[in-house]
Amino acid sequence: MYKLVLIRHGESTWNLDNRFTGWTDVDLTPLGIEQAKNAGRLLKAEGYEFDVAYTSVLKRATRTLWHVLDEMDRTWLPVVNSWRLNERHYGALQGLNKAETAKQYGDAQVLAWRRSYDTPPPALEPTDPRSERADRRYARLSQDQVPLTECLKDTVARVMPFWYEALAPAIKAGKRVVVAAHGNSIRALVKYLDNISDDDIVGLNIPNGIPLVYELDENLKPIRHYYLGDAEAAAKAAAAVASQGKA
């Protein structure tokens, strides 16, 4: 049996402000730092060990991983950063308040933008200062690889090559893997692992800073999955994520 641990980053400054974040590179709040540290303490207390760690190129996930590994006294572990693990790009919604956007467009439209499988938000213009196409961290990518908006279907298409090319081979090689990423990049992985339908994925929310453990068989098919720590607290945190986009 293999294990895979997925952790959504701790609370970010724009989570606190209830803003659409996407690829905007915002930092953790003091609570987010404590959530990340607590995740590390939980993993250490439960006896988890890792051989390699993966995260995005956005600081809220990278710093979350740092705090997790620091609490585990494993800051020396190899860390792989990949743009493929970035949050879903929220296009022209990036920086906007979710509740105010819901008041303007309606709860149903914002829910579709946030949680449906194939409805992208309005795209950024390529010349919009919020666009990441001039960001040095993406210099090796083609312009088409740096999105102007994404739906979850697009995020799945971006994340899954990383599963096949990096995560799955590492797990099958016996490496103990931890991934610190984002709500929607983790939703993409969970959709694949649990074979969740396009319709049902709308109801899946990932809480900040709580380790999600997958036990996998020899074919990397899930045997079971669970959140470490208080299951009721994890459920409440996921419900809070679901309510963020309501007027």
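From the backbone N, Cα and C atoms, a Cβ is placed for every residue, glycine too.
The number of other Cβ atoms within 10 Å of the Cβ belonging to Glu11 (substrate binding site), over all protein chains shown, comes to 22. Positions annotated as substrate binding site by Swiss-Prot: 8-15, 21-22, Arg60, 87-90, Lys98, 114-115, 183-184.
Take the CB of His9 (active site, tele-phosphohistidine intermediate) and look out to 10 A: across all protein chains shown you find 30 other CB atoms. According to Swiss-Prot, the feature active site, tele-phosphohistidine intermediate maps to His9, an assignment based on sequence analysis.
Of all Cβ atoms in the shown protein chains, 26 besides its own fall within 10 Å of the Cβ of Glu87 (active site, proton donor/acceptor). Residues or ranges marked as active site, proton donor/acceptor in Swiss-Prot: Glu87.
Feature annotation from Swiss-Prot assigns site 'Transition state stabilizer' to His182. Look at His182 (site 'Transition state stabilizer'): DSSP puts it in coil.
Each residue contributes its Cα atom, and for His9 (active site, tele-phosphohistidine intermediate) and His182 (site 'Transition state stabilizer') those atoms are 6 Å apart.
On the backbone, the CA of Arg8 (substrate binding site) and the CA of Glu87 (active site, proton donor/acceptor) stand 10 Å apart. Take the CB of His182 (site 'Transition state stabilizer') and look out to 10 A: across all protein chains shown you find 27 other CB atoms. Over all protein chains present, the Cβ of Arg8 (substrate binding site) has 31 other Cβ atoms lying within 10 Å. DSSP assigns Arg8 (substrate binding site) to a strand segment in the three-state reduction.
In the shown protein chains, 22 other C-beta atoms lie within 10 A of the C-beta of Gly183 (substrate binding site).
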